[in-house]
Amino acid sequence: MTIRPLVILPDPLLRRVCDPVAVVDDEVRALADDMLETMYDAPGIGLAACQIGVMRRVVVLDIAREEDEPAPMVLVNPEIVWSSDELSTYQEGCLSIPDFYEDVERPAAVRVRFLDRNGAAQEIEADGLLATCVQHEVDHLDGVLFIDHISKLKRDRVVRKFAKAAKEASRTPA
Ligand SMILES: [Zn+2]
């Protein structure tokens, strides 16, 4: 397992639609393992493959609390097949937008269909933090970021801040 560098805003890779995985093979499992290692190292509770620059529909999650046993989940080609009318609000963050947090309102519960790491079809119903996390990560696969769900004023401000930081970093001699 390898910790991979994270793709950070405003990298255009974050805005691309990822390709479906045809077969869940050893290569996909190795990718998921690298993603989990990268997510735990960050640390974070969810990561989409595009956040390490791999444009495939793979997501990893672990919402277990620090004091509990790790509970890694691998979702290949995840698809939200139902969302509740009821909404809930969580303060979200993103490993690709470090140190920025904002409240986001989303459906409180979702049903998600996906392939697990063995390629078996699964469907689970998620609520609470897991529901929010699944929606945040599935959004990534379609080039959507959590800042797209906040006010334009706040979004423009954070996008400007990261664009400026990237420009300054590129000017700094290595
Ligand atoms: Zn994210």
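Just so you know, glycine gets a Cβ as well, placed from its N, Cα and C.
A TrEMBL annotation is a machine prediction, not a hand-curated record.
Quick look at what TrEMBL annotates:
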| type | residues | note |
| --- | --- | --- |
| ACT_SITE | Glu137 | active site |
| BINDING | Cys94, His136, His140 | Fe cation binding site |
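Annotated Fe cation site Cys94, His136, His140; additional same-chain residues within 8 Å of its Cβ mean position, judged by their own Cβ, are Gly46, Ala48, Gln51, Glu92, Leu95, Ser96, Glu137, Asp139, Leu145, Phe146. Taking the C-alpha positions, the distance from Glu137 (active site) to Cys94 (Fe cation binding site) comes to 10 Å. According to DSSP, Cys94 (Fe cation binding site) is assigned to a strand segment. In the structure as shown, the Cβ atom of His136 (Fe cation binding site) sits within 10 Å of 24 other Cβ atoms. Glu137 (active site) counts 23 other C-beta atoms within 10 Å of its own C-beta, drawing on all protein chains shown.
Long-range Cβ contacts of Cys94 (Fe cation binding site) within its own chain (separation 6+, distance under 8 Å): Phe100, His136, Leu145, Phe146, Ile147. In sequence order, Leu14, Cys18, Ala48, Cys50, Gln51, Val59 make up the list of same-chain residues 6 or more apart from His140 (Fe cation binding site) whose Cβ falls under 8 Å from its Cβ.
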